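Right, one structure below, let's go through it.
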């Protein structure tokens, strides 16, 4: 039963704990160990890992086409926002699939698009960001120990800062 | 030890990225879930939410048209939603404080930053089931209580007048839930 406490400024509502009643149990046993459950689920995801690079490469290729189309068309604020959502999408994939440097580049790319709202984004610069993400994934650079990749990220961050201040 | 009976729950996974939906679905199935619905944007999610009444919603933030924040607000609309109390877990690459606060103020129950792991997801799901937070309704907000803890030695102003009259929420005893 839902109980509600009212004050002058707000209500505090306690809905019934239906999910607790429905799906929480206290039944210990060898196959009920949460650690085993977690390990099983993680292993299931790790079985997909050989596909991660292919998925990312497909996403990068699709994004490259979208950036090129964006550059060729009239670059409205709505188009920049659609592209930003697409890049955020790729940023999430990079983070999920073990490419934090590529996620960092995608994050800088998004900042550039956010600031471009209502004005023209530099299409050539945008393509540089896409190419950098593609290079990091192709080179399987998964951390900052690759000096060339780290330098690339630094240079793109500087480019992003410069373009946003322009 | 307490355990989530995943096979008794219906999940709705909302993400415009096919691969992320697949990762989340794989984790949920790995936990033992059988009913995992999918939606690729906020509008499709509202449809699925209304027609299938999922027990828990897992959503991305950035999506075209209706994003995860706007979708949360629609699901929380107390007069129009089929279940305004549904737990909503946001899974996003955004980790900035202002983003976390924005999600909280929209009514998001839990916030997870990518990369997502099985342990993180299980802990959040366990949390929303074992320790559901009370809901607060004000003129400008409806959603899970944004105060997760009460500080015993807090001596600042009380921003919610009438707080002393509140009845403490029923909660599982601390330590009852496995939070390894």
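Counting begins at 1 with the first residue displayed.
The backbone N, Cα and C atoms fix where each Cβ goes, glycine too.
As recorded in TrEMBL:
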- B:10-129: domain 'Response regulatory' (DOMAIN)
- B:60: 4-aspartylphosphate (MOD_RES)
- B:146-180: region 'Disordered' (REGION)
So, by DSSP, how many helix, strand and coil residues make up the domain 'Response regulatory' (B:10-129)?
56 helix, 23 strand, 41 coil
Just jot down the residues in the same chain as residue B:60 (4-aspartylphosphate), at least 6 apart in sequence, with C-beta under 8 A of its C-beta; none if empty.
B:14, B:15, B:16, B:17, B:20, B:68, B:90, B:91, B:92
